[in-house]
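*Asks:* The ATP binding site annotation in TrEMBL covers 32, 33, 34, 35, 36, 37, 38, 39. According to TrEMBL, the feature domain 'UvrD-like helicase ATP-binding' maps to 11-293. Per TrEMBL, domain 'UvrD-like helicase C-terminal' is recorded for 294-563.
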Ligand SMILES: Nc1ncnc2c1ncn2[C@@H]1O[C@H](COP(=O)(O)OP(=O)(O)OP(=O)(O)O)[C@@H](O)[C@H]1O
């Protein structure tokens with residue numbers, strides 16, 4: 001049986017992959033390039049260990065996403081007939097361990113996990129009367145404190161926690177004095193509700209292993225082998241947990257430091273770079289890229305060599321076909337959006353790509369909006385991954401709801417508008433009371449006027465309705481789309497700014513939302529008739545809703561594309577200030593942007609098109625071509641091809 005599996009392995013792996021799979025004598029670091037079969041190595045290694053006689057439930061394999069864990073489980077089942085229960089994300093493995101051993105450190109086995117909403121509610125309770133913006137930053141501060149200073153938090157060493165809170169508060173533009181007390185109270189409330197938040201799952205597991213040697217021993221002895229995927233993206237706490245769990249070097253960590261793109265979330269690339277020295281690990285380099293043609297591998301290797309803070313490895317392509325990387329320049333984003341649908345059709349008709357084999361990737365979602373409209377209009381099926389379909393974005397949706405209310409007398413839109421909490425005061429109960437009026441009165445304006453005097457509404461609700469009435473009456477006077485939108489923004493200037501802040505996670509996202517509002521204004525300028533605009537939006541939204549995912553071009557940010565591959569990839573908006581983002585101000589951040597660009601271009605198997613435009617909405621200045629494009633060697637490139 002084992003002999004047969006070894007034969008299978010030899011037939012289906014390279015020498016290096018085979019070595020990485022079968023080496024079990026000590027800690028192993030598999031440092032690999034993009035498309036070099038990391039996933040294959042992990043799944044085959046789990047299968048190999050099982051075939052060698054290890055019990056499937058004694059193998060721990062940690063991944064970063066549930067999707068990756070499930071795919072691995074399926075593949076191992078195909079190879080061995082077993083589904084190892086400990087192929088899990090870090091968080092999910094920690095939950096299971098804490099349910100069993102948590103009571104040793106005072107955690108009830110039935111502890112609840114706080115969702116994002118629970119966290120928001122708890123911090124609201126702690127920071128009564130404070131703005132949502134401040135509350136969000138405070139949650140960020142707490143995460144930062146727990147992930148980057150676990151030792152102090154675990155020891156409850158308040159001599160250090162207090163000044164760290166002050167320092168972090170200053171960085172996050174929060175009041176330095178309050179932060180520490182908010183942190184303490186947040187922890188108190190969490191305890192009262194018997195919650196653990198996401199960071200606690202890791203932190204409490206670390207506490208268990210660090211301070212309870214018996215538990216550590218038990219868990220260490222239980223797992224006969226440990227594998228960690230995407231090791232380059234581990235944070236401090238995760239790295240320490242792994243350190244406690246391994247024994248006698250029964251561990252393989254796999255990663256690609258070229259693809260470390262989560263520095264902003266606390267990932268520490270140094271964990272990966274130090275592993276070899278720290279654990280005297282054997283290293284296997286997987287240099288053969290099975291995914292992409294030679295030109296793409298060469299282009300990406302040369303690009304990444306410009307990062308000084310990395311250890312470089314030689315990468316080469318299995319497929320020696322030379323299909324040049326195509327770089328296309330456009331005057332502006334409209335020209336770009338006009339041209340790309342034709343290119344996609346060309347790929348489908350002449351290069352054997354189905355729509356599902358094509359992806360459009362971008363650094364930030366706002367770069368894709370004009371293209372989204374154009375692709376959908378031209379009948380190309382698209383899936384916009386995440387919450388980035390333009391007309392569903394919160395900042396755009398709220399304007400559309402208002403226009404539907406005013407110009408289409410849409411009573412349902414009124415309810416939805418209030419539900420979005422753009423204007424405060426209407427919770428579940430308020431909306432329930434309003435429903436009666438919506439059912440009996442015929443126009444939105446009548447409803448608002450009537451309810452404004454209704455006894456059953458609170459003072460705040462009446463104020464909201466009055467503001468809404470005034471807004472409707474002002475905007476109603478305009479009959480061109482862009483003017484009406486502008487009037488809406490001017491009718492609620494402070495409310496709109498506050499709303500944007502409230503729905504944004506950070507400054508960068510806030511800027512992005514402001515840009516999308518400007519994009520919407522320019523879209524409206526090309527659809528001046530308001531009902532025409534609303535009709536167009538309804539049609540585009542409907543088309544997207546009815547797309548068959550299995551036959552659609554996928555649009556997503558580069559972060560969302562990690563680990564995926566397509567026959568053809570279009571990287572949109574390769575301009576300075578956009579990719580790299582203008583927020584990358586330090587050499588280290590530029591290097592992280594370069595790694596992100598590397599991830600983007602290494603998703604392509606055969607065809608890679610990179611576009612850049614000289615002018616984009618929202619930018620007053622002409623844009624320069626991205627330095628990353630210039631770093632791709634000319635011999636790999638064809639300008640204006642495809
Ligand atoms: N030895 C091999 N022979 C043939 N194909 C292989 C081999 N190893 C890997 N592949 C193929 O190469 C492609 C990339 O492999 P995989 O997804 O495991 O790479 P990866 O290193 O995880 O990629 P990335 O980190 O860039 O997402 C897959 O289509 C895989 O089936």
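Glycine is treated like the rest: Cβ placed from N, Cα and C.
Help me understand the surroundings of these features in the structure.
*Replies:* Counting every protein chain shown, the number of other Cβ atoms lying within 10 Å of the Cβ of residue 35 (ATP binding site) is 24.
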*Asks:* Under a threshold of 6 Å between Cβ and any atom of ligand 1, which of the binding-site residues 33, 37, 38 are retained?
*Replies:* 37, 38
*Asks:* I need the neighbours of the ATP site defined by 32, 33, 34, 35, 36, 37, 38, 39. Which other residues of that chain put their C-beta within 8 angstroms of the C-beta centroid, in sequence order?
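*Replies:* Everything else in range on the chain: 256, 286, 289, 290, 291.
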*Asks:* So which one is it: of the binding-site residues 32, 34, which has the fewest other Cβ atoms within 10 Å?
*Replies:* 34
*Asks:* If you count other Cβ atoms within 10 Å of each one's Cβ, which of the binding-site residues 33, 37 has the most?
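*Replies:* Compared across 33, 37, the most Cβ atoms within 10 Å surround 33.
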*Asks:* Out of 36, 39, give me whichever of these binding-site residues has the highest number of other Cβ atoms within 10 Å.
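*Replies:* Answer by Cβ density within 10 Å: 36.
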*Asks:* Work out the three-state DSSP category of residue 35 (ATP binding site).
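*Replies:* Coil, per DSSP.
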*Asks:* Counting only residues 6+ apart in the same chain, whose Cβ is under 8 Å from the Cβ of residue 38 (ATP binding site)?
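*Replies:* In sequence order, 30, 32, 229, 254, 255, 256, 286 meet the Cβ cut-off.
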*Asks:* Averaged over the domain 'UvrD-like helicase C-terminal' (294-563), what pLDDT does the predicted model reach?
*Replies:* 89
